[in-house]
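Encoded as structure tokens, the structure appears first; notes follow it.
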Amino acid sequence: MENEAHSMSSDIGIGVNEKMVEALESSDNIPLLLTNSGSLKRTGTVWTAVAHIVTGVIGSGVLSLPWSTAQLGWLAGPLSVILIASITLFSSFLLCNTYRHPHPEHGPNRSASYLDVVHLHLGISNGRLSGLLVNISLYGFAIAFVITTAISLRTIQHSFCYHNEGSEASCEFADAYYMLLFGVIQIILSQIPNFHNIEWLSVVAAIMSFTYSFIGMGLSIAQIIDKGHAEGSIGGISTSSGTEKLWLVSQALGDISFSFPFSTIIMEIQDTLKSPPPENQTMKKASVIAVTVTTFMYLSCGGAGYAAFGDNTPGNLLTGFESSKSSYWLVNFANVCIVVHLVGSYQVYSQPLFATVESWFRFNFPDSEFMNHTYILKLPLLPAFELNFLSLTFRTAYVASTVVIAMVFPYFNQILGVLGSMIFWPLTIYFPVEIYLNQSSTVPWTTKWVLLRTFSIVGFVFGLFTLTGCIKGIVAQKIG
């Protein structure tokens, strides 16, 4: 069985160590997708890792932060961003040390995905649960990117309409057309073979993310200067009841949780890094740089947006400037940058899911030509292109499904909040803590053990609170 598993893994690009084989033999042949990309040349550096993280983190989330700050106010808003950023960074440090096993720097076994590392340290049951949550979150991010792209394209159309027809013109456009257009682009890009082939896309997308974030911040500051004062209050937006305020606060915290979502792809990013220096050291440096930069951007963008609009802060910052005549071209350029960035983010978050599902099919159907055979196509004026029918059909269906769901539930802030709430505790807190305790053999009821357990319990209560509020918000929007 062991030789058979290793032979099969070499055919489909996954590696299985002895412990994994034993688990495989006792788990009804459920494959353990330990990616062994040893045949791939790792060329990543601290800066390409930063680009990958920034691409995944500074995306649709940054646009909702002024709204989140407006719900929480000047005190709780910034503190919430800093707290969640600190938790995410702490979690990333725990995960970085588990990429290699048993030693974090010299261990021979690599865990090249979140699913792999949970399987290795916590067993098959936890591995299945984490795999389900990771794939749901990756799928949810893709839906959020479709919604956000449609909003940006619609804002561009609105801006042109207001500029050409006047502010009194009827400028209403459906999002469905823009979602379909984005879906076509993603179907084409989804045929990129794997995560190692998209470093260039991450670099371009990271540049775009900084560009539109600075533009949104700059437009907000300009509006504050025009008004001559900053809007906002310590307690945030006033509501008609305490219950309504509580639900809005929970949605705001869910949105902020969504804004730091790179725990699910940290293993894939670390697997692109060259060594020496040790991958965990490089990844820790990249995490510190990326989280510091994004936190500064979030605080600046969220604060400037709230100060500019006060109680009227929109759910998506740039939609607040769509009727501006003096800066409409700048707003349009910022929205173009968002679209380019989200094109890259969609791939960064979808490629790991593609790899998991396709490896499962190839593992279970090793003799299927449809699943395993790759054709080489050569078109005029284009480089040779690899085509696999499994990848073509599954990835096309995947993109189409994300577009359809985005059309049915196009609720920006609530969708982001649900996604952030669903994954924040299990993937950012619970599993990293459990993996660390297992790897370090921490003795129960010691100070370290108690602190980490308390940290996990508090995170669970926080996640449950934000999830409940965000689901309530979606239901209210749908009924309304």
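Quick reminder: no glycine exception, Cβ is built from N, Cα and C everywhere.
Just so you know, TrEMBL annotations never went through curation; they're auto-generated.
From a predicted model like this one, the values you see are computed outputs, not experimental measurements.
Here TrEMBL flags 42-473 as domain 'Amino acid transporter transmembrane'.
Here TrEMBL flags 46-67 (among others) as transmembrane segment.
The transmembrane segment feature in TrEMBL is assigned to 73-96 (among others). Within the same chain, residues 65, 104, 114, 117, 232-236, 252-253, 256-257, 259-260, 262-263, 266-267, 270, 279-280, 283-284, 287-288, 291, 294-295, 298-299, 302-303, 306, 424, 428-429, 432-433, 435-436, 459 sit at least 6 positions outside the transmembrane segment (73-96) and bring their C-beta atoms closer than 8 Å to a C-beta of that stretch.
The annotation transmembrane segment is assigned in TrEMBL to 132-156 (among others).
Here the transmembrane segment (176-193) has long-range neighbours at 146-147, 149-150, 153-154, 201, 339, 342-343, 346-347, 350-351, 354, 385-387, 391-392, 395-396, 398-400, 402-403, 406-407, meaning same-chain residues at least 6 beyond its ends whose C-beta is under 8 angstroms from one of its own. The feature transmembrane segment is assigned by TrEMBL to 176-193 (among others).
If one looks beyond the transmembrane segment (200-225) by at least 6 residues along the same chain, the residues whose Cβ comes under 8 Å of a Cβ in the stretch are 48, 50-52, 54-55, 58-59, 62-63, 66, 189, 231, 297, 300-301, 304-305, 307-309, 317-318, 321, 324, 327, 330-331, 333-335, 337-338, 340-345, 347-348. For 200-225 (among others), the entry in TrEMBL reads transmembrane segment.
If you look up TrEMBL, you'll see 288-309 (among others) marked as transmembrane segment.
Here TrEMBL flags 329-349 (among others) as transmembrane segment.
Residues or ranges marked as transmembrane segment in TrEMBL: 449-475 (among others).
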At a C-beta cut-off of under 8 Å, are there same-chain residues at least 6 beyond the transmembrane segment (449-475) that contact it? List them, or none.
87, 246-251, 253-254, 257, 409, 411, 413-415, 417-418, 420-422, 424-426, 428-430, 433-434, 436-437, 442-443
